[in-house]
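Chemist: Questions regarding the structure given below will be posed in turn.
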């Protein structure tokens, strides 16, 4: 019997692995986009033991320059540790990080098998539970959208916590108790949705002590279990770790329970019950419209026969669960209680998605496996329950089909366009220009999916999917006015003297290539005549054992024909100390109307270089139409609201809030178009006008905003209006419009406004330029 069980376990594990690989191997080739880009460009600096401790209570490492550190979440195990190490491992091809995610998911499925087998001591029940887990839609998005893979890691640490808890109670070994503490520590610092996990584990501990296979025999059994010293040891350690998490969360984010990243919501009784019912139905892969749809597929997208089968399947399960509750099957009660406890953190979140079910599903699995394992259930009922698995598989495949082929969620369209862009870039002719990793991308994609190609981190899409080293490339991440034939914008980051990263833009037409026109070695300074349409490359090789993170920045100065000086500084030579001569390169387009470029090397840098040289290239374009938007003077006064309401008509001091894209302040307008603000500027009627702004919504993923210009003649008489309408997410996104004033227009009233009566929108860095 022991040999038979051993082989049964091995065969079961092989089946589990094969099914998960077959279901999700296609995700390995998907591009990284959306939230994934936010993670892959995170530049958390970890060089010494203290740095590893700091990630738990600081949003920035004070000893190093960090430009793209994620600062709105307290998820140090995933954001700062796991992602950082994965990037180290797959530095040559970041897309391969997906292999680890799929591997962890397969491990989770095997661990569920071990967990249920340990709990109910039945291999068939354990296989059923593992397949129920593997075929559930709850983990689909954690695999499909790499940025959500924290869900897979959180599930790993949570399952391990349940396993160690069983082992500790059954063996009394302190080894398992401390392993339980450690795995819970990893879980709660992976994602804040594990905040209620200690209470679920305590309930589960009482369940194990009362005997998992018994019927409920009254409250006195619960009270007796509560007196067990093992429950007290478990509770004390878990509560202490929970308290530590809340304390460090406050130190890091300034609050204990606030939901960050713009997805917090007020908890109401109706929404609470709707979420409990909605996620209970989702646990059985039931498509629904009960909870607001965020990456949840409603029943209207399903083929009717499949929808009917799914509903019948759920109905059968539900009837059996009710029967077992009547028969006082304790595992049914405990599973549902754990489900609700682990769902509590989701009550305060404004959006809904299957991946929020990652932890609560464990409670449902305890419940349904207890149902399958219950001694009083008939043989025919067990066979019917096992026969339901093929229908779960069909639904899982259909869910994947809808999610990846129908544009019912933002991710689907984005993945398609991302794949097309990657193929277009790979097809570019390779020459000296492209060998230096300068990519000019001329592709037209939809405004609604634009953010997933950079997620606020310029160039991150190219970095993640084409392995372009952003430290060695002046990033060319191109945006447009979202229609063919529109102006092409090159956006890049520029580091100011005070260490702030400023977003700059240049419009370029029909780029065809560069030709090198000058090369020079540099000791302390380099000066040269410069013209429009030129590119400056600074190449260097640092001496060995140089800590590049503490070097002073290199400074470029461009002197313009109006006697204006534009300064650009570069200090991101590379990550970490150098052990051997390592080269670096930075690039800069010459600003419009520049007559001279000067490179200055600070005194402390002169002895740090083995070599330093400058290459000057001429940018060949089809038409002489290159404008440096970022460095020209905006026609808007107080564009970033750092001076409060100054120059803005309609704004009140209460609308200036500390929710900025850059600087400290942004301006909140709405709800309703009456709650808008405007400025009046002088314009030239024959010149194109470019209006740009950064905008985000407040707790509304369906908000709509608009940039509006009312044209007026010299006497202030209204002529006509130009309106650009755009969807607004809960994260800052760049908005751009190009228009031409009417012939007799001499004034423009520039409005920032919501477009409907419910949206509240925060604007920042509102600028207007005329070419």
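Glycine too: its Cβ is placed from the backbone N, Cα and C atoms.
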Chemist: May I ask you to indicate which of 80-98, 251-269, 384-402 is given in TrEMBL as transmembrane segment?
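Modeler: It is 384-402 that TrEMBL annotates as transmembrane segment.
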Chemist: Between 48-64, 150-166, 405-421, which stretch does TrEMBL give the note transmembrane segment?
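Modeler: It is 150-166 that TrEMBL describes as transmembrane segment.
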Chemist: Can you say which of 99-119, 435-455 is given as transmembrane segment in TrEMBL?
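Modeler: Among 99-119, 435-455, the range TrEMBL annotates as transmembrane segment is 99-119.
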Chemist: Mean pLDDT for the domain 'Glycosyltransferase RgtA/B/C/D-like' (75-207), as a whole number?
Modeler: 93
Chemist: In the domain 'Glycosyltransferase RgtA/B/C/D-like' (75-207), how many residues does DSSP assign to helix, to strand and to coil?
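Modeler: Residue counts in helix, strand and coil order: 117 helix, 0 strand, 16 coil.
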Chemist: Against which stretches of its own chain does the transmembrane segment (150-166) lie, if we need a Cβ under 8 Å and a gap of at least six residues from its ends?
Modeler: 75, 77-79, 82, 101, 104-105, 107-108, 111-112, 114-115, 118-119, 139, 141-143, 176-177, 179-180, 183-184, 186-187, 190-191, 193-194, 197, 201, 204-205, 208, 234, 355, 358-359, 362
Chemist: Looking at the stretches 99-119, 178-210, 331-349, which one shares the most CB pairs under 8 Å with the transmembrane segment (126-144)?
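Modeler: Ranked by Cβ pairs under 8 Å, first place goes to 99-119.
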Chemist: With the transmembrane segment (331-349) as the reference, which stretch in 7-26, 178-210, 230-248, 384-402 has the largest tally of C-beta pairs below 8 Å?
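Modeler: Selected stretch: 178-210, with the most Cβ pairs under 8 Å.
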